[in-house]
């Protein structure tokens with residue numbers, strides 16, 4: 001029995017909407033063009049690590065960093081423009097964020113220094129955002145406003161970006177907390193072993209001291225013949 005024409009048209013329209021929705025969801029999941037660098041690296045003691053980024057004039061940039069493990073969880077940070085002018089400089093910071101607008105074209109340099117530390121190396125995370133993310137649906141060559149579905153996709157996209165940022169910060173906090181807990185656990189273990197050794201030495205000393213109190217002291221008399 002042939003299907004009614006209205007039912008066929010309805011099924012075709014539903015199929016087109018399903019395909020369009022699937023395409024939009026895939027667009028949300030695809031990684032967009034990267035607008036910065038996000039790196040976690042090891043910084044040895046008495047060491048300095050620098051990174052370079054080409055930036056065009058007028059671009060808004062944000063540098064955010066945090067020390068995850070090592071020592072007092074602090075590091076020196078310095079940011080310079082292409083002419084060597086210092087834009088940002090902080091000493092022994094655990095975490096910080098700095099936003100600036102590039103005043104000229106060229107290669108900008110930012111360095112992390114652990115030269116003040118002699119024994120401990122650090123694990124440093126930084127996120128250097130250059131410019132703003134491009135819109136999900138570019139406005140060029142568009143003759144109509146965003147549809148309700150496209151607006152919903154834009155809202156979902158922004159919410160997912162916020163979720164990613166929150167997850168990153170929570171992972172950093174978890175890693176730093178775990179490092180502090182492991183460091184505290186190591187110190188407690190060493191302190192416990194030291195206390196046990198001290199108690200053992202004191203106990204042995206008390207045993208020998210008490211033994212010396214109750215030991216028989218015999219004196220020998222030597223008779224000298226005339």
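Yeah, the Cβs are placed from backbone N, Cα and C, and that goes for glycine too.
Taken from Swiss-Prot as is:
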type	residues	note
DOMAIN	48-130	domain 'GOLD'
CARBOHYD	105	N-linked glycosylation site
MOTIF	213-226	motif 'COPI vesicle coat-binding'
SIGNAL	1-35	signal peptide
TOPO_DOM	36-189	topological domain 'Lumenal'
TOPO_DOM	211-226	topological domain 'Cytoplasmic'
Query raised in the report: Per DSSP, how many helix, strand and coil residues does the domain 'GOLD' (48-130) have?
Result: 0 helix, 56 strand, 27 coil
Report summary line: Cβ density check for residue 105 (N-linked glycosylation site), other Cβ within 10 Å (all protein chains) comes to 12
